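Record features (TrEMBL):
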REGION    536-555  region 'Disordered'
TRANSMEM  50-71  transmembrane segment
TRANSMEM  83-105  transmembrane segment
TRANSMEM  126-153  transmembrane segment
TRANSMEM  173-193  transmembrane segment
TRANSMEM  205-223  transmembrane segment
TRANSMEM  243-263  transmembrane segment
TRANSMEM  284-307  transmembrane segment
TRANSMEM  337-357  transmembrane segment
TRANSMEM  386-406  transmembrane segment
TRANSMEM  412-433  transmembrane segment
TRANSMEM  454-477  transmembrane segment
TRANSMEM  489-507  transmembrane segment
Amino acid sequence: MSNDNKTSSLEKNNNPELGGLDSEIVASVEGGVEVNAAGYRDQLKRQYNLIGLAGIALTVDNAWAALGSSISVSIANGGPTGLIYGLIVAVFYYSFIGLSLAELASSVPTAGGVYHWATIAAGPKWGRAVGFFTGWINFYGWMFDLAALIQITSNILVQMYATYHPDYVGEAWHVYVAYILVLWISAAVVIFANKLVPYTQQAGMFFVLAGGIITIIVIAAMPKQHASNTFVWNSFEENNVTGWVGGVAFLTGVLNGAFTVGTPDSITHMAEELPEPKKDIPKAIGIQIGLGGLYAFIFAIALGYAITDLEALLGSSNNFPLATIYAQATGSNGATFGLLFIILLSSFCCCVGTVLTNSRIYWALARDNAVPFSPLFGKVHESLSCPVYSTLFVVGVATGLGAIPLGSPTAFINLTGSFILLTTVSYAIPFVANMATGRKYFPAGPFHLGKFGYVVNGLSVLFIVFFDIFYCFPFAYPTDVETMNYNSVILVGVVALSAIWWVLHAVRNYPGPKVMHLYIHDDSAPLNQTGFLEKVRPKNKSSPAEKSIAGDREQ
């Protein structure tokens, strides 16, 4: 083949506007090695089809169970009226976020997700720094989500015991013991039974869908008396006991709805374990928000009509109000236990899926040398098809986070709020960067917003900024130490920790992810060279990114 023909072929393969190689999983060929969209050879088995991916999406989201289990976040913000309408608002604005994430995943499907997309979107000058901070913010956000979900599952176990032991007096350390058991069992499944995880997530999807239907029917049919239509649909003012005026109380209470559907990026981190990620991830995100939101809406209505004593749900003494609602609805210990068992099954599968997601996020950071001891945490145990050390690190951090509720009655609300705040900030960064650079660095995937991209991305950012401000408000007014909201403090702390690590390590030793080599091209540079590198470094000097690429070729 002539040199001209080689150059023409290379230009076609590397030009982002042409979508790269005609493959779902091969983005380029580096030194004879096929590399995926993240710039690496595949190390994880591509074992998930669309059904398995949808199973993970619905199970990690676990929407109706998340809504009921986190009802303590918003029940004081207008009772069932605030709960239902807050959910509708959350589903509406998360739909825009989901569309924006689906477009990026369809273009560049990598385990790094928003971390890699922010790097690409910010361009050659700022991509390395912007992506670094985005990746860390997203990781911390998911760590708070994992802690919240394990806390929920642990509370379910304790409440199941309490159902048949009326004299039981709960202690915070009882929940923490259950927390440790649930967390480390979930980790064992992810590490040692990774081949079975697709089946556990399909089982989780069954528990979410079938369990949701069974639960809704039971709490709708069993009560001897139901709440009035006025109580369910029009009792916001009389049931707003936060001290805030109506509008502020409602907007802060939307946090419960956000926690219900707030995991649209979870499955994007599974991209390197899918045969057709560009097509399947957008579909699964749609299923997650659409079907999950619908189930949660119907469940919220059923819960509203099942409540007969709202006062019993309020106060710090009630750690898990959902169990109280079940008891009010059924009047039976057996039925209450059975309903809790259903939600336990779906919640445990959710915990497994979330440990899986978190381990992939940290592993993606580690293989790009963005974390301490990156060579260790970037390893994959190929026979287990699992980044074992990253998984153990995630579980170790979660073990520490689980101890926070031992000293704070409002810790759970801070866990859920920090998850939403941090993850949505990590979504907003690539959306803003993508618009600022003219949406030019991402090749059009099978799902592309086209001319509506600016509108959808822009609305996503506006919704995120608007609601995140209210999620930082104190939970009650006037406030005290117990009702103080520490979400903003946690956000600042996360950014500060990331900045310290940037100065100590990343400035000199972090080359940036390999997606920069694949997708960021300077228009003035030849397409058969690493465009952004040609512009920002002197001639005849190898960059850290190129050294990293060369190292991967040798593996």
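The backbone N, Cα and C atoms fix where each Cβ goes, glycine too.
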As a test: from 83-105, 284-307, 489-507, pick the stretch that has the greatest number of Cβ pairs under 8 Å with the transmembrane segment (454-477). 83-105
For the transmembrane segment (83-105), what are the same-chain contacts with Cβ under 8 Å, counting residues 6+ beyond its ends? 67, 71, 74-75, 77, 113-114, 117, 232-233, 236, 250, 253-258, 260-262, 264-265, 268, 271, 277-278, 281-282, 285-286, 288-289, 293, 296-297, 300-301, 303-304, 424, 427, 430-431, 434, 442, 445, 447-449, 453, 456-457, 459-460, 463-464, 467
Among 50-71, 205-223, 386-406, stretch most in contact with the transmembrane segment (243-263) (C-beta, under 8 angstroms): 50-71
Please indicate, using numbers and ranges, the residues of the same chain that are 6 or more beyond the transmembrane segment (126-153) and have a C-beta under 8 Å from a C-beta there. 62, 65-66, 69-70, 112-116, 118-120, 175, 178-179, 182-183, 186, 259, 262-263, 265, 344, 347-348, 350-351, 354-355, 357-358, 361-362, 364-365, 370, 394, 397-398, 401-402, 404-405, 412, 415-416, 418-423, 425-426, 429-430, 433, 490, 494-495, 497-499, 501-502, 506, 510-513, 516, 520, 532
Candidates 284-307, 337-357, 386-406, 412-433, 489-507; stretch with most C-beta pairs under 8 Å toward the transmembrane segment (50-71): 284-307
Does the transmembrane segment (412-433) reach the transmembrane segment (337-357) with at least 3 CB pairs under 8 A, where each pair is 6 or more residues apart? no
